[in-house]
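Engineer: Straight out of TrEMBL:
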type	residues	note
DOMAIN	50-363	domain 'DUF4220'
TRANSMEM	16-35	transmembrane segment
TRANSMEM	47-67	transmembrane segment
TRANSMEM	79-100	transmembrane segment
TRANSMEM	107-127	transmembrane segment
TRANSMEM	133-151	transmembrane segment
TRANSMEM	262-282	transmembrane segment
TRANSMEM	294-315	transmembrane segment
Amino acid sequence: MEISPKYKQLWNKWDVRVLILLSLSIQIILIFLGRLRRTSTSRWIRLVVWASYLLADRVAGFVLGQLSSSMDGSSSNIIIAFWAPFLILHLGGPDTITAYSIEDNELWARHLLGLGYDLFIAFYVYFRSLPNTRLLIPTLLIFLVAIIKYVERSYSLYKASVKGIHNSISSFNITINDLTNAFERLLQRNNLKYLHQAFLLYSNIKPYFIDAFQNLNENGEIENFLENMSAEQALMVMRTELNYAYDEFYTKAIVIHSIPGYVLRVLCSTCILVAFSLFVLEPKDDFNNLDVDITYVLLTTSICLDFIATIMLMFSDRMIVSLLNVKKLSNFSNWLANFIFRIKNTCRKGKYWSIKLPQLNLLIYCLSFSSPKKTLRQRMMSWVAKKLSFMQAKSWLYRTSFIEQETYTLQTMSPVKAPQEFLEIIISNLQRLEHLSLEDFNKPAGFSALQKVSTFTSLDNAVPFVQLLKTLSFDQQVLIWHITTELCLHGNLKSQHPWHPQRNEIEENTSKGLKIKSSEMEACKYLSNYMMHTVLIRSDLLSTMGGESYMLFWETIKEMIEFIGMSYDDQHQLLKPNEKVEEVCMKMIATPIEFNNFTASLFNSARVLAHLMLTTREEERWTVITMEWVELLQKGANKTKGRHI
């Protein structure tokens, strides 16, 4: 099938023009959506940003190659050649995103080398328009801006690389007195100087991002101050430091927030405005009207994007820090910093991060694969075909099948926003863990807490089980405690579940202690599903899931599916999802286990642990489970590579 000459001619006329507008559109998307990765967990936003980031360089590079072949010897050559530096400008990218992943920063040398090649192509395109020099000055001005932007991006990538961070660490020196003053001011919540002090603290912990553990005495000083902070203050510190870290690793902040950066910003803005003015004054009678319109779009959009980038620069935390560091005209700089701080908080209300926890409930998945209409082989083959990496898609499909019922047992199938009480529980338990000795910290999660449970001292069977925890790897501990937590949640009356519809009515007439217990139950549920998601879906973060653990996980999943499958009958099919979960959990607890054989199965080990936990007083039980999940969270953080943010 041959393409009509009419359409070929139409494409030959519009190909470069459409592609250069596409390149411009990608820049608009990146500058507005680039920073939303930090505050949004939307998959659609991440998909759009990821696709735009990958396409930006490829589209701009492709159009550069097409420009030379589009020159037909007419007077439009000069205006087409004027587009070449805009493509170099697009390759420099917006200030809001320089890298999509942390590994992109290590490619700074390749990116800088690409500058030479792209400049060669751009100058070649312009030389083909000679000897016509009508737009020489505007072209050179845009070339200057483009080169500056390209070098800024390459240097930002270098500063965020391992080598760049090592060099910045060696050139930064902070003393204990500086840290002491930083914390004293940091605790003054109403003083905007906490941004500056948090920046000093971030500079001190930066070695951890490249797994370079230094300044142990100073870090001990940090721990002492963090211990005396309230949960709200500690969260404020972490959010601010994460904000600085994100800007340094994924944006141009570290380059543009400097004296040379401010000077270059003024220079670039001036050059773009002058180039626009010169083009407006240039006679255009012999130019193609369509090409003139496209050039106006390129220039005006560049001015608008530069203005938006300048506004973002002025109302950033690092700008406030820079103003507070000004020695001369300190009164004016402090007033300006306060002014920016008030406006920024009014518009954004001080929210840096969207604290949402991805969730994965293994019991729910096993229920979804336990339909009696399929054989076990068919169910397992379906599981293998989807693989663990597609569990999130499966969770969406499974969740939508119950969407009309709004069941409380299925609430955690989607990411949940962590409430303030949940964060305070984690912070308070983390502060308690700072008092653990190195020997206790290296024990399995919850080991110390289990030994203190008064009920366990009267159970001879508990002693060998507690000892068994010592032999389990981190991911195996997560699996056992995940199943145990689920069984403990549903082993009570269903009205005791933290999200049961009757729970709020019951709590109206309960004591404060029982309400605290409910918060601990909710925290355990969130952390249990989050850690299971991390171990199975994001195992690359922990690098702890070895071949043996994968086999044990598969065996556990298979065993759970078989157990649930044997529990199905005609009456079971009529149960609602809530009742299915509750009935299965009750059967898992009630079914006898031969204690001597439980060590061969993680599933049976979890059932034994759940049985032991259910023998304890309820308040004591959830305190222990909360402590062990916070310990697992901390141990998981220690196993995570520092360069993952």
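Cβ coordinates come from backbone N, Cα and C, glycine included.
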Engineer: Short question: which residues 6 or more past the ends of the transmembrane segment (107-127) have a Cβ under 8 Å from it?
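Structural biologist: Distal contacts: 57, 61, 64-65, 67-68, 71, 80-81, 84-85, 87-88, 91, 139, 143, 147, 150-151, 153-155, 157-158, 161, 164.
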Engineer: If we skip the immediate neighbours and take only residues 6+ beyond the ends of the transmembrane segment (133-151), which ones have a Cβ under 8 Å from one of its Cβ atoms?
Structural biologist: 78-79, 81-82, 84-86, 88-89, 91-93, 112, 115, 118-119, 122, 126, 264, 267-268, 271-272, 274-275, 278-279, 282
Engineer: Looking only at the domain 'DUF4220' (50-363), report the model's average pLDDT.
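Structural biologist: Looking only at the domain 'DUF4220' (50-363), pLDDT averages out to 81.
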